[in-house]
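Structure first, then comments.
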Amino acid sequence: MATNPGLFTEWPWKKLGNFKYLILAPWVAHGGYLAATKGWREVDLGYLLIFPSLLLRMIHNQVWITISRVQNARSRRQIVDRGIEFEQVDRERNWDDQILLSGILLYLGALYLPGGQHVPLWDTKGFLLIALLHAGPVEFLYYWFHRALHHHFLYTRYHSHHHASIVTEPITSVIHPFAELVAYELLFSIPMITCALSGSASILAFEIYVLYIDFMNNMGHCNFELVPNWLFKWFPPLKYLMYTPSFHSLHHTQFRTNYSLFMPFYDYIYNTMDKSSDTLYEKSLKGKEETVDVVHLTHLTSLQSIYHMRPGFAEYASKPYTSKWYMRMMWPVSWLSMFLTWTYGSLFTVERNIMKKLKMQSWAIPRYSFHYGLTWEKEAINNLIEKAICEAEKKGAKVVSLGLLNQAHNLNGNGELYLQKFPKLGVRLVDGTSLAAAVVVNSIPQGTDQVILAGNISKVARAVAVALCKKNVKVVMTNKQDYHFLKPNMPEDTAENFLFSKTATAKVWLIGEGLDASEQFKAQKGTKFIPYSQFPPRMVRKDSCTYSTTPAMAVPKALQNVHSCENWLPRRVMSAWRIAGMVHALEGWNEHECGDIVLDMEKVWSAALLHGFRPVAQV
């Protein structure tokens with residue numbers, strides 16, 4: 001919102017939510033009716049193509065969002081080196097409102113504007129007329145309108161909403177109050193209306209012009225420099241006809257310079273060009289390979305998780321992951337993306353964070369959860385993880401934390417495989433067992449004297465069982481085979497607290513993977529279920545039972561550039577396995593935590609709290 005919202009700042013269809021797309025339904029249905037009754041030869045082709053062109057624009061914008069987020073996560077040629085928070089993502093969520101407004105105006109023009117009906121596919125004169133009118137009246141009027149928007153009266157009521165984003169993303173370009181965006185639409189419609197009235201309108205000319213506007217808008221707000229220097233050397237006047245991302249970025253950081261739309265010509269004429277424009281361009285173009293202190297290795301989970309990752313759909317990435325029924329309709333795209341990811345076969349950076357001068361990145365292994373259960377994929381996955389560890393060490397990383405199934409015992413022995421292969425490894429490998437176990441132990445309600453341990457036995461489960469028995473909390477197992485497997489790991493002085501019983505009645509259950517629904521329903525009503533695995537239970541009871549999150553902690557404000565959720569966890573909550581790597585680096589510990597090694601849980605827990613990480617229940 002603007003700092004002091006003026007008239008018509010709210011979008012008229014805001015209360016409709018996702019049903020706002022129904023606004024276009026009458027025109028789309030009308031076009032389908034005309035095509036069915038009149039036939040394709042007699043129907044107005046331009047009218048029918050409006051809706052597909054709107055879909056094309058949405059895809060175009062999404063491509064820019066993805067490329068921008070991937071590029072900025074890698075930190076190459078980044079212009080403004082600051083983070084984005086959830087507040088900005090929420091403010092920019094409805095970037096498609098501008099496309100809906102354009103669609104309404106195009107439909108009205110195709111129906112009622114003289115010369116807007118049955119336009120040809122191409123008209124060279126119309127295309128040239130659009131180019132001239134844009135370079136002249138549109139750019140000129142926009143420049144002065146933009147300067148007016150920076151006057152205190154209009155800025156506080158309208159334009160401040162757009163400038164709330166200091167670090168821009170491509171779709172920041174269309175985040176404006178309703179009244180302001182209507183003014184922009186009318187301004188951009190000048191060339192198209194003139195063409196229609198003069199009888200030189202054409203479908204492709206209109207489409208090219210709209211895509212040009214979208215392309216330049218997205219490019220100018222992408223926050224990384226991509227315009228090559230040789231373009232300006234080859235044609236020097238181009239610097240007056242085309243801006244660069246760094247040129248417009250200065251407008252968002254300095255506010256009173258670089259007002260031009262896409263052509264800096266008017267900033268040169270009226271002496272409003274920022275003097276550091278050329279310097280920033282050269283600096284951003286050179287780029288830099290940012291060093292990294294901590295690398296967290298993750299991977300894709302379900303087929304739909306590709307949309308949930310930060311480079312995917314911002315709306316889904318900013319919320320805890322849940323499987324949406326309507327996303328299942330995109331299964332062809334999901335399977336195609338899985339195939340392309342698998343074929344690509346290289347690590348990709350999905351997130352970059354900073355905390356107390358500690359630089360962190362999250363790298364994704366290009367595999368999905370189900371790949372980790374395939375025997376024939378085991379060697380390939382281990383090779384990818386090994387490659388990531390070697391790359392992290394090459395970049396000077398202090399710690400590599402293994403997330404999700406990248407530390408599976410049946411895959412690499414909780415990371416032990418890599419220490420055996422590289423005994424002189426400089427980077428520390430952390431599987432996060434100590435902190436994950438500490439989170440589970442500290443999630444148990446005070447006064448609890450008995451818990452049930454159920455599900456597949458993991459390294460975390462063993463650590464939790466040992467810690468609880470030492471605290472005189474009885475740990476009961478209902479699976480006899482798992483009980484005998486875990487019994488030898490228990491210290492002799494606490495063995496009496498480790499029990500087997502088929503009729504246990506504890507009100508706290510510690511659950512891992514492999515626990516089926518029938519086992520969960522053996523628990524009493526009101527039972528508290530606390531997961532100790534990386535993945536949440538597939539089924540939850542709907543009665544009075546409660547479920548904690550998978551081992552995780554809330555992150556402090558000092559951790560910057562957090563604007564996506566880690567898998568199914570709430571906002572600004574991260575898995576204990578990921579946080580363990582951060583704490584390891586912040587404390588400067590030199591030991592590994594992988595294989596059978598478990599660090600001192602109390603020490604790790606205290607260090608996490610000292611650095612501002614908090615239990616989720618205390619947030």
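Numbering starts at 1 and runs along the chain as it is shown here.
From the backbone N, Cα and C atoms, a Cβ is placed for every residue, glycine too.
Residues or ranges marked as transmembrane segment in TrEMBL: 46-67 (among others). Same-chain residues lying 6+ beyond the ends of the transmembrane segment (46-67) with a Cβ under 8 Å from its Cβ atoms: 24, 27-28, 31, 34-35, 95-96, 99-100, 102-103, 106-107, 110-111, 116-119, 169-171, 203, 206-207, 210-211, 214-215, 218-219, 222, 311-314.
Long-range neighbours of the transmembrane segment (99-115) within the same chain, counting only residues 6 or more positions beyond its ends whose Cβ lies under 8 Å from a Cβ of the stretch, are 13, 20-21, 23-24, 27, 44, 46-47, 50-51, 53-54, 57-58, 61, 181-182, 185, 189, 192-193, 195-199, 201, 210. Residues annotated as transmembrane segment in TrEMBL: 99-115 (among others).
Feature annotation from TrEMBL assigns domain 'Fatty acid hydroxylase' to 136-272.
Positions annotated as transmembrane segment by TrEMBL: 186-212 (among others).
Residues 70, 73-74, 298, 300, 303-304, 306-307, 309-311, 361-368, 371, 384, 387-388, 391 of the same chain lie 6 or more positions beyond the ends of the transmembrane segment (329-350) yet place their CB under 8 Å from a CB of it. For 329-350 (among others), the entry in TrEMBL reads transmembrane segment.
The annotation domain 'Very-long-chain aldehyde decarbonylase CER1-like C-terminal' is assigned in TrEMBL to 451-615. The average pLDDT computed for the domain 'Very-long-chain aldehyde decarbonylase CER1-like C-terminal' (451-615) is 93.
Residues of the domain 'Fatty acid hydroxylase' (136-272) grouped by DSSP class, helix first, strand second and coil last, total 95 helix, 1 strand, 41 coil.
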